[in-house]
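The structure appears below as structure tokens.
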Amino acid sequence: MKLRTNASGLSGTLKIPGDKSISHRSIMFGSLAKGITKIYGILRGEDVLSTMQAFRDLGVEIKDKDDFVEIHGRGFDGLKSPKKALDMGNSGTSIRLISGVLAGQDFTVEMFGDDSLSKRPMDRVTVPLRQMGVQILGRTERDLPPLTMKGSKRLKPIRYELPVASAQVKSALIFAALQASGESVIIEKEKTRNHTEDMIKQFGGHLDVDGKEIRISGGQEFTAQNVIVPGDISSAAFWLAAGLIVSNSKLTLKNVGINETRTGILEVIEAMGGKVELSDRDDLAKAATLTVESSNLKGTEIGGDIIPRLIDELPIIALLATQANGRTVIYDAQELKVKETDRIQVVADALNAMGAKITPTDDGMIIEGKTNLHGAKVNTFGDHRIGMMTAIAALLVKEGEVELERAEAINTSYPTFFSDLERITNG
């Protein structure tokens, strides 16, 4: 599709769609709790719909109403053997976390996904789950999907140090540990998003978190809750970037989740000299209104323990860096290589095609700014964040057209992205 170019200013107010991570987990905990859970503000993107369908296939009654989703939870012991293989679509969150849920079920399940998901290694999850007593068969030594697994009602507890900083792997092991006989200890490499831990407490469970060490006992039961999902800061990041780099812009973003494990993007913007204000802060919901204005940005260095707190925002941060004065260095971000695409290479290729000066490295990028961007043809390769990054980059293009191939990938996390873009574009 041809993208909008040469924007003369952005203005307006947007309500950000529900947080994808919280939407996934609220469906899972609602299904595993006893009673009726209602979820308000859920994201109805393709990834979340994959999770919803998987739990329907596992015997959970889920009603999608206009204002909320209603889940008739069955508990861990109420899941049923599905009549067919579970289709995870493009969702790494779905296949990894549901692997943990299924670890304590004594039936055999096959899980598969699209071409992109079928290239993503699952061994980070399958290796510790096998240690707990789960039988899993995948393709190659990296356990690429499809996965066939048979859980065990006699799961062994585990003490496990995560080899990488990954909230998905951590969460999969937490779901398995909840079904094990005894106490499990999970030790993180770096602190990652803590939505799973928060939701355990919200649904009446318990765990102990001491720094990077998580202790969790098996045999817990959950009680149904009402869940209000805040807006996704990973989706808001694209509008934050647009407001910063398109001249004469001022945007207000409502109901943005500001969980402390997800706000690395705000710290980077501050370090680059960007103007973002927080207001209407709701500490209970961990949400706020963000107001962003056009700013003169400067290069910075991004690495270390902040990386897990902004891993999904690095593509749009790379675009910000192309419009900052000076050099930006991103490091310790090798996790980008095993996302929906190799995001280090694909981000560099896409923005360089538009005139940026980005050098990919083994664990990140070196970006020289400031550069003028021009028209080009860019392929998302099925990666939603590459698509949205390119659409924001196109707003700066004054010469040539920007054509985006496989733009439908954006529906994974933000089905209303282009209508929201239209709403804030002037001139």
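Quick reminder: no glycine exception, Cβ is built from N, Cα and C everywhere.
Among the features that Swiss-Prot reports, active site, proton acceptor is placed at Asp312. Positions annotated as phosphoenolpyruvate binding site by Swiss-Prot: Lys20, Gly92, Arg120, Gln168, Arg343, Arg385. Among the features that Swiss-Prot reports, 3-phosphoshikimate binding site is placed at Lys20, Ser21, Arg25, Ser166, Gln168, Asp312, Lys339, with the record citing sequence analysis.
Overlay of Swiss-Prot feature records on the structure.
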{"residue": "Lys20", "record": "phosphoenolpyruvate binding site", "Cβ within 10 Å": "25"}
{"residue": "Ser21", "record": "3-phosphoshikimate binding site", "Cβ within 10 Å": "28"}
{"residue": "Arg25", "record": "3-phosphoshikimate binding site", "Cβ within 10 Å": "25"}
{"residue": "Gly92", "record": "phosphoenolpyruvate binding site", "Cβ within 10 Å": "21"}
{"residue": "Arg120", "record": "phosphoenolpyruvate binding site", "Cβ within 10 Å": "19"}
{"residue": "Ser166", "record": "3-phosphoshikimate binding site", "Cβ within 10 Å": "23"}
{"residue": "Gln168", "record": "phosphoenolpyruvate binding site", "Cβ within 10 Å": "22"}
{"residue": "Lys339", "record": "3-phosphoshikimate binding site", "Cβ within 10 Å": "20"}
{"residue": "Arg343", "record": "phosphoenolpyruvate binding site", "Cβ within 10 Å": "27"}
{"residue": "Arg385", "record": "phosphoenolpyruvate binding site", "Cβ within 10 Å": "28"}
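Reported as a whole number, the C-alpha separation between Ser166 (3-phosphoshikimate binding site) and Gly92 (phosphoenolpyruvate binding site) equals 12 Å. The number of other Cβ atoms within 10 Å of the Cβ belonging to Asp312 (active site, proton acceptor), over all protein chains shown, comes to 26. Checked against Gly92 (phosphoenolpyruvate binding site) by C-alpha proximity, the recorded positions Ser21, Arg25, Asp312, Lys339 yield Lys339 as the nearest. Using CA atoms as reference points, the recorded positions Ser21, Arg25, Asp312, Lys339 were checked against Arg385 (phosphoenolpyruvate binding site), and the closest is Asp312.
Restricting the recorded positions Lys20, Arg120, Gln168, Asp312 to those with a CA within 10 Å of the CA of Lys339 (3-phosphoshikimate binding site) leaves Arg120, Asp312, listed by sequence position. Ranked by Cα separation from Arg343 (phosphoenolpyruvate binding site), the recorded positions Ser21, Arg25, Asp312 are led by Asp312. The two recorded residues Arg120 (phosphoenolpyruvate binding site) and Arg25 (3-phosphoshikimate binding site) have their Cα atoms spaced 21 Å from each other.
DSSP assigns Ser166 (3-phosphoshikimate binding site) to coil, not to a helix or a strand. Note: the CA-CA distance between Gln168 (phosphoenolpyruvate binding site) and Ser21 (3-phosphoshikimate binding site) rounds to 10 Å.
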